[in-house]
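Here's the structure, in structure tokens; my notes come after.
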Amino acid sequence: MAGRAAPVPGALLCALLWAAAAAAGGGPGGSPAPGAFGRVYRGAVNISAERVYAFAYRSEPGQVGAVRVYVNSSSENLQYPVLFVVRQQKGVLSWQVPLIFRGLYQRTYNYQEVSRTLCPSEPTPETRPSDQIIFVDVASMAPFNIAYELLVTRLESFQLETNKAFNFTASPSQPQYFLYKFPQDVDSVIINVVSDAAYPCSVVSVQDIVCPVYDLDHNVEFNGVYQSMTKQAAITVQRKDFPGEQFFVVFVIKPEDYACGGSVPSSVHGNANRTWNLQRTKSLQVTIVPSIKKSVYVQAMFFSFLGFLSFYLGSVVVAFVHYISTDVKLTVPFGSVSIAGSGIMTSSRPISASTPEGSSYGAIDESSSSGGRQMSSPERRPAAGSDTDSSVEEESDFDTMPEIESDKNIIRTKVFLYLSDLSRKDRRIVSKKYKIYFWNIITIAVFYALPVIQLVITYQTVVNVTGNQDICYYNFLCAHPLGVLSAFNNILSNVGHMMLGFLFLLIVLRRDILHRRAMEMKDIYTLDYGIPKHFGLFYAMGIALMMEGVLSACYHVCPNYSNFQFDTSFMYMIAGLCMLKLYQTRHPDINASAYSAYASFAVVICLAVLGVVFGKNDMWFWVVFSMIHVLASLALSTQIYYMGRFKMGKCYLGIFRRAVMVLYTDCIQQCSRPMYMDRMVLLIVGNLVNWSFAIFGLVYRPRDFASYILGIFICNLLLYLAFYIIMKLRSSEKLLPIPMFCIVATAVVWAAALYFFFQTLSSWEETPAESREKNRPCILLGFFDDHDVWHFLSAAALFFSFLVLLTLDDDLDTVRRDKIPVF
């Protein structure tokens, strides 16, 4: 290009430009013509004629000067676009008109009007103003003239201010970006961006002060941190991440909406695949507010740990009160001994306790229910304190109940069953059977947690390195980073599960130790009082509660579609273990083994994963799942109804064939009263509930399949617990003050927890942009959001629920087992 052989000194050229009058068009042949800001220049270019404009401006000391260039061309010839090149002191920016954006299926979106903000000059430390020069070259390779328009303006509102909203508009061909500087006393800020319209889809990016600025759809993801956006976006920025203590906030409008959950364009070919000047202007408002200070982090951590340490203090107080009451009882004559907190009452002489009059569990076959126990002499039993772990005593297929006492089929199918009928096996064998729950869940936890931790660390690293905040579904309006973690508050709020799970283990351990001491003091098993004490399932429940906290924290490191099961796997296990423990209380000899129980949990987790993958649109999955659900309910109901003595024949289909025969014989042919009325009522209600869940899933196909499965577990657990308590009161049994308090506390805390659970703050079932529409500010200490409060309350609710199961039958410690009904 001619006229550029010798460089012109900047100061001299500025003086000449300021003295010259603005020309109507740029200089031909590459000679720069002085330009004026705010004036529209019209011209034409071709292969032999290009235009060059020179714009000079003066920056005040300490200020950043920003310039915006608007160009337009009426040409629709994609073979010969108009090329615009802007040369600055430290960079070059270029683009073409028509400006082309590409979408799905090779669809193109062409824009003839483009505006770009030039990379601003850095503030000068000098005390006097500095002069800046900008050259704008307009050229084309077309053999014919192509008309264009050019407008260069200075931006008056380029720097964003703290706590001050700023409104503007943007479009795919007219992106915007602004500068923000950290105030002296602010270490972290939150960039809040809102819009009244969900579409067009947009991207918000935070980039360092580096030229060029990536402000187009195809390159905005190359640098910095970014989020897609519909109506709302929020990005937390820390001063330590920007050495210059300033950054650009970039706003880009995407040519298509599918990335934000909008419609996907159809696949077409030819000219129909091109769209010209699609109107996609979006009005936005940005507000930058200071984030929390470091002192708030300290307060939140103190609140979390001290709040749950109060549970430890309360447990110590209760244990001390029991210890005092024990000292009083030890002074009672006749040698009665009470072991506080162990749920065991022993005496040097038999304690007369009988079923109250009017109980539905009358005196029918009472002698037969206890006769087997009377036949077994104390010499045949192991010593009270001998709880050996010999491998000889491992559970096997050999039934340890002596056949000489009575046949199991006769005992377990009696009309009226008592606890003595279902606690006839050797205590050591049964105890070891339930200890397997504890050891197995530890093994599962270790093998499950290690790869989970490795995976979420990788996710967090990817987010930090790429800057793509669409990977993780946080509540960005209340996501407080700490170190490499993007949402430390969501992780900290899970400390309650771990602390209360450990506290529950300590409480169970104390009961276990006191129980063993009571055994050493006197052979209480020759008296057969109270519920048999097996603590294996309680230990497993405590470990499960702790692991729920660990895995929920791992999930919230980067919550998304790929790791959702981390947050729910141990919830399924907790619900299942609670039901097993409730059933084991009065059926210690016939409860499920640890291997079959954990295998069932594994199947449930597999179904949950398949449901999330296929459950959204595939009707076949819901049909298959509903059939499995209904058939499993029937099979389990039949086994429960017949106390595990239901013969299935050579194949598992026999269980359903016999169930149909029983229904036909008892309900249709004879219309007789069911043999086990109470169990029948429970199972009918339970099946109706489960069938309702199956029908609901088949009809509505809920998108959150993991929560749907969890709801099935929780409803069945609550139904069984309510039945258990009702039957307990119906049998004239008591609720002592501690279990009564735990029941009330459980109901109240669960009600509050569920309220916060349903305050949806994000959803990985939707696009990241749609999920951010649900984001809400913090509600507790300016640090925790609704979901964090759910974590706190659900941990307490689970703890109280466990205590209910642990203490519910303490009133039976002085009652003979042949007087305790089974239901």
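Each Cβ is built from the backbone N, Cα and C atoms, and glycine gets one as well.
Note: TrEMBL annotation is automatic and uncurated.
Look at TrEMBL and you will find 1-23 tagged as signal peptide.
For 300-324 (among others), the entry in TrEMBL reads transmembrane segment.
What TrEMBL records for 348-358 is compositional bias 'Polar residues'.
Among the features that TrEMBL reports, region 'Disordered' is placed at 348-400.
As annotated by TrEMBL, compositional bias 'Low complexity' applies to 367-377.
Per TrEMBL, compositional bias 'Acidic residues' is recorded for 390-400.
Annotated transmembrane segment per TrEMBL: 437-457 (among others), in sequence order. If one looks beyond the transmembrane segment (437-457) by at least 6 residues along the same chain, the residues whose Cβ comes under 8 Å of a Cβ in the stretch are 536-537, 539-540, 543-544, 547, 550-551, 554-555, 557-558, 563, 566, 569, 573, 577, 594-595, 597-598.
Residues or ranges marked as transmembrane segment in TrEMBL: 491-509 (among others).
TrEMBL lists 537-558 (among others) with the feature transmembrane segment.
Within its own chain, the transmembrane segment (564-583) is flanked in space by residues 437, 441, 448, 452, 456, 537-538, 540-541, 544-545, 547-548, 551-552, 554-556, 591-592, 597-598, 600-601, 604-605, 608-609, 612, 640, 706-707, 709-710, 713-714, 716-717, 720-721, 724, 764, 798, 801-802, 805, which lie at least six positions past its ends and keep a Cβ under 8 Å from the stretch. The transmembrane segment annotation in TrEMBL covers 564-583 (among others).
Residues or ranges marked as transmembrane segment by TrEMBL: 595-614 (among others).
Positions annotated as transmembrane segment by TrEMBL: 620-642 (among others).
Residues or ranges marked as transmembrane segment in TrEMBL: 680-699 (among others). Within its own chain, the transmembrane segment (680-699) has Cβ neighbours under 8 Å at 622-623, 625-626, 629-630, 633-634, 637, 640-641, 674, 708, 711-712, 715-716, 719-720, 723, counting only residues six or more beyond its boundaries.
What TrEMBL records for 705-726 (among others) is transmembrane segment.
For 738-758 (among others), the entry in TrEMBL reads transmembrane segment. Through the fold, the transmembrane segment (738-758) approaches residues 318, 725, 786-787, 789-790, 793-794, 796-797, 800-801, 803-804, 807-808, 810 of its own chain, all at least 6 residues removed from its boundaries and within a Cβ separation under 8 Å.
Marked as transmembrane segment by TrEMBL: 789-808 (among others).
Comparing 491-509, 537-558, 595-614, 705-726 for CB pairs under 8 angstroms to the transmembrane segment (789-808), the maximum falls on 491-509. Nonlocal intrachain contacts for the transmembrane segment (300-324), taken as residues 6+ away from its ends with a CB within less than 8 angstroms of a stretch CB, comprise 340-341, 489, 492-493, 495-496, 499-500, 503, 506-507, 510, 738, 781, 783-784, 792, 795-796, 799.
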